[in-house]
Every structure is written in C-alpha cells, then in structure tokens.
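A.B. asks: Here it is, the structure, as structure tokens.
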Amino acid sequence: MKQSFESSSPNWFTVEQPDKLPLGQLLCLTLASFLATANETIPAGLLNQIANGFMTNEAWAGQTVTFCALGAGISAIPLTILTKRYQQRSLLLVALLTFAFCNLLTALSSNFLFVLFLRFVIGLATGLAWSILATYARSMAPPNLQGRALAIAMFGIPLALALGVPLSAWLSHFMGWRFIFDILSLIATVLAAWILFKIPNYSKETNQQRIPLKHVIQITGVRPILFIVMAWILSHYLLYTYITPLLSYLGLTSQIDVILLIFGLATLVGIWIVGIFVDQFLKRLFFMSLGSFLLISILLSLNFTHLGFYLFICLTILWGLSFSGAPTLLQTLLANAAKENADIAQSLLVTVFNLSFAFSGILGGILLETVGVQYFSIVIALILSITMIITFKYQKHIFI
C-alpha cells in the first residue's frame, strides 16, 4: 500500500540512472518493505503470548498493533514534507536503526506501557520508511523499468504476510514471543549495514510545486475512494489483528500458524492474478474482491458457532484472495482520480490506511471486552455493506 504514484521523470534524481535494474540494491528495499510490514502485523499472531507475558488480556495486547499503525498514520504526511530535502539512503537508515533499537528494547522490556511507547516510535519510523521506499526504488531504475523496480521493492509486503507472520507465530511456540522481536532487531541491523555499504545515496530534486492537500481531497472521486480505503482496511484488520481470540473461540488455537500461512499463500496468488488483469478489468476485480469479503463476513455471521477447521480454511483462502489485491486496486483507483496529483494522494492513502489500521485495534479491543469476538463478523458485514452502497452510488467518479 505503500506504493508511490510519483512521476517517472528521470530529472527527479541526481544520480545517473542505470540501463538495467540493480537487483541487489532492490533486494535491500524488498527486505525493508518486509520489515516495515512485519513490524505492523507480526504481533497479531502473538497476542496470546504477549498478553500472558505482561499479565494482561488480549484486548490490551492488541494495542501493540494499534500503536504502531497509529504512529505510521500520523507520520506519513508530515514526514513526507519535512524530509523531502534529505538523501533517501540516510532516511532509510534512520528508520532501520529505529526498528533495530526499539525492537530490541521491546524484547527486553517488562513494562507494558513502555512497550506501547516503543511500538508508537516504531510506527513513526514505519511511516518514514513508507514515505521514501517507493521513490527510492524508482530512483534506481530508468523510466521504462521504474514500475518493475517498484514491484520488486514492494514484494516484501506480501512476503511478510505470507511467511513472516505465520513463521513468527510458529517460532514463538518454541522460542517465545520476545525472541521474535530479537530477530526483527537483528534483521534491521544487518540490513542497515548492507544498505550503508552497498547502496549509493540518491537525492531527489525538490523544485517541483506542491498542490495543497485540501485541493487534492476536493478532486472528484478522491473522497469516496478514501472512504472505501478506510472501511476496507478497518474491516480487514479488525478480523486479522484479533485472529488469535477468534480462533480460540472456535477451538482452533493450535492451528493459528497453519491458518496464517494459508492466508499468506492465498495473498501471493491473489496479487499475481491482480497484477495480470488490473489494467484490463479494474472494476470487475474491485467488485469481486470487496464482494468476496462481504460474503465471508455474512457467512461468518450466520455460521459462526458451527465453523469447523476445513470450512474456516476455505473462508481463509477466499479472504486472502480477496484482500491481496486491495492495496493495488485502491491505489490504482486513487491514481486515476487524482491524475497529476497522485503523489500527494498517495500520502493521504498511506495516512488513511494506517489510521484505519490503528482504529481497528481500538474498535476490536472494545468489542472484545464488551460483546465478544463472535460479533466481529456482524460489525464487518455492516461496514462492508455501507461501503458497497457508497461504491455503487459514486461509481461514475470512482471508476474513471
């Protein structure tokens, strides 16, 4: 989600662009996007252990996800503006070293409030990383290969969902949840050293005029698309963040690593499908994806107490397929609507995405403590139904 709509003009960058892709350098950015995604999502598979470790409940443990997403959402726009004159490698190193330091402190800390503070700081660094990763990747490639460079750099996102989250959930059973944060700290440190010695500094020229954010928001189609982003991401992470208590209620706690792995693999397949057909069938793919998620929420609402392992696996596969292309579909819709202002619209999307992610943790915690996890799917179905109505009402402005 985290992809950029910046112009592909070769005059943006001070370093001469190569005539082929520097795969080694782009691999560094793949790992960086992997880390940024892992920082936000991995605790979702560790809620039970984190709660036990700090003698609290899973609703509070879920706020480790919320605070990270909140930091990323708050920082995306201001950091994009404040750091536009700085070299991209230096900024990425700051983000990675912040990951390393804060994850290490998280692994060592015995104070839950301090851990929440650290998660917020990690979120700030995550927002910084997302504000530069896409343009950094594009700066490494000639104009005709910038899209491919961006795809390589952002492959870390589905990789983290497909492998990072389920693998960490599985490893935590043997090594404990603190060991997972030690690993994240180590990866960030090694990656920072790799980037420092292997990737040159790329500086972006800053003489282009920036249109005020309020003007971009007023562009026809932008506001309904941002509403769809908010509703879709809120609904998805309401389910994803609290997957542990959901599976516990269904008696499937021991299968969490398997279910997360299947979800992640389904997202990889879904991204491949969307990548092939997004240009030709954008509208159809959008309605298929959002409609599938709505169908899942309805089926969960009607059959919640009668779900077995295999039925839940089928729903998980459909869920992974439906969500995997959401960031690409939503970014494409917003880029089409914002046109030459797509780069500014991107910062808005990142902010809405992460704040919705954060609010999902808050809303989920409230629901978990009041009505119970069995009502999550009903809330999601209501949100998605409203979203579908909004989409039909404004489809002439959304699908340009």
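Using N, Cα and C of the backbone, Cβ positions are placed for all residues, glycine too.
Unlike curated entries, TrEMBL annotations are predicted automatically.
Straight from TrEMBL, here's the annotation block:
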type	residues	note
DOMAIN	25-399	domain 'Major facilitator superfamily (MFS) profile'
TRANSMEM	59-79	transmembrane segment
TRANSMEM	91-110	transmembrane segment
TRANSMEM	116-137	transmembrane segment
TRANSMEM	149-171	transmembrane segment
TRANSMEM	177-197	transmembrane segment
TRANSMEM	217-238	transmembrane segment
TRANSMEM	258-278	transmembrane segment
TRANSMEM	285-304	transmembrane segment
TRANSMEM	310-335	transmembrane segment
TRANSMEM	347-367	transmembrane segment
TRANSMEM	373-392	transmembrane segment
A.B. asks: Counting Cβ pairs under 8 Å that are 6 or more apart in sequence, does the total for the transmembrane segment (347-367) and the transmembrane segment (149-171) reach three or more?
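C.D. replies: Not in contact, no.
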A.B. asks: Would you call the transmembrane segment (310-335) and the transmembrane segment (91-110) in contact, using three or more Cβ pairs under 8 Å, pairs 6 or more apart in sequence?
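C.D. replies: Per Cβ check, the transmembrane segment (310-335) does not touch the transmembrane segment (91-110).
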A.B. asks: Which listed range (91-110, 149-171, 217-238, 285-304, 373-392) shows the maximal number of Cβ pairs under 8 Å with respect to the transmembrane segment (116-137)?
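C.D. replies: If we count Cβ pairs closer than 8 Å to the transmembrane segment (116-137), 91-110 scores highest.
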A.B. asks: Across the whole of the domain 'Major facilitator superfamily (MFS) profile' (25-399), what does the mean pLDDT come to? Round it, please.
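C.D. replies: Result for the domain 'Major facilitator superfamily (MFS) profile' (25-399): average pLDDT 86.
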